[in-house]
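Asks: Sharing a structure with you now.
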């Protein structure tokens, strides 16, 4: 069931939706990010009006679902990604984990007509192995060729992502590997470096998505670093949004950084 119109209006008016989404499909031409353009190497933003409208509606539904406790932060993040990422885009999963986000990204960019790219990074070999195994079972051979996996720290993403491929999305899941060693976690120092790298490679009209898990020792310290970085971005070129459950102190926090 779609959210009631008054709920969507309330969310927009209070800044709960990123600026690019504060427009109904019937309110005229889409903003620059959503307007169909000619394809560039590594970036393809052509989409039908129906796809654009569906993307916006999907995000609004996900936001209302998150606010009412019916959707997880990961679902909200994926809904926002789908409204921004287009077939043929280049995207980066900076923390592969078990491959769920890598898989979601691949489905967003894969197209037989254009060559999308997914760069997956994780410092743990077990995470890369898990992601690789999952993808081999879940996608076809053509889609699998679009994924490049690297056992490397997320702070070194610029070493593996080609400079001539504009990046539409860089996504982080910060914390520990689900089902893995909980003592091996992302840490504030390298995460800050990774955010700096992501802000350099992401293209105009692109997004940095950061889901911070804070229920483990060190989680809140890392959240502080992410929030400090997001708050320091220049307002003329960046929009920073935060989604947080205030009465659930251990719930993950989603931070979205949109580059104008």
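Any Cβ shown, glycine's included, is placed from N, Cα and C.
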Asks: Figure out which of 154, 216 sits with 98, 100, 122, 124 in the S-adenosyl-L-methionine site per Swiss-Prot.
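Replies: Record source Swiss-Prot; matching candidate: 154.
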Asks: When you measure from the Cβ of residue 122 (S-adenosyl-L-methionine binding site), which residues in the chain that are at least 6 apart have a Cβ under 8 Å away?
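Replies: Residue 122 (S-adenosyl-L-methionine binding site) has long-range Cβ partners 95, 96, 97, 128, 131, 151, 152, 154, 177.
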Asks: Counting across all protein chains present, how many other Cβ atoms fall within 10 Å of the Cβ of residue 98 (S-adenosyl-L-methionine binding site)?
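Replies: Around residue 98 (S-adenosyl-L-methionine binding site), other Cβ atoms within 10 Å: 19.
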Asks: Cβ-Cβ under 8 Å from residue 100 (S-adenosyl-L-methionine binding site), same chain, 6 or more residues apart: which ones?
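Replies: The answer is 74, 134.
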